[in-house]
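Lifted from TrEMBL, the feature list:
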REGION    1-27  region 'Disordered'
COMPBIAS  1-19  compositional bias 'Basic and acidic residues'
DOMAIN    1-32  domain 'Small EDRK-rich factor-like N-terminal'
Amino acid sequence: MARGKQKEQAREKAQKQAEARAGGKSQLNARAAGLQFKCPVCKTPAANYKIVVQHMEAKHPRDAVPSEESFQA
Ligand SMILES: [Zn+2]
């Protein structure tokens with residue numbers, strides 16, 4: 001039943017696109033807020049604190065991860 005599978009894939013694709021749209025919107029909001037989150041080591045901007053933490057652990061494992069409060073302007 002190739003047809004049914006195609007339909008399913010199309011539905012999955014549409015759902016992913018909808019999610020991407022929603023995600024893009026929230027990213028836009030973060031940008032509008034001025035992207036307060038930045039890596040203190042290499043200054044790479046991040047959409048939120050969680051991403052900074054992930055980035056620090058991946059790229060700068062020897063550096064201390066700053067507290068979330070330290071990013072609030
Ligand atoms: Zn960095």
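Count begins at 1; order follows the chain as displayed.
The backbone N, Cα and C atoms fix where each Cβ goes, glycine too.
Keep in mind that TrEMBL annotations are predicted by a computer and have not been checked by a curator.
Mean pLDDT across the domain 'Small EDRK-rich factor-like N-terminal' (1-32) comes to 73 in this model. Applying DSSP to the compositional bias 'Basic and acidic residues' (1-19) sorts its residues as follows: 18 helix, 0 strand, 1 coil.
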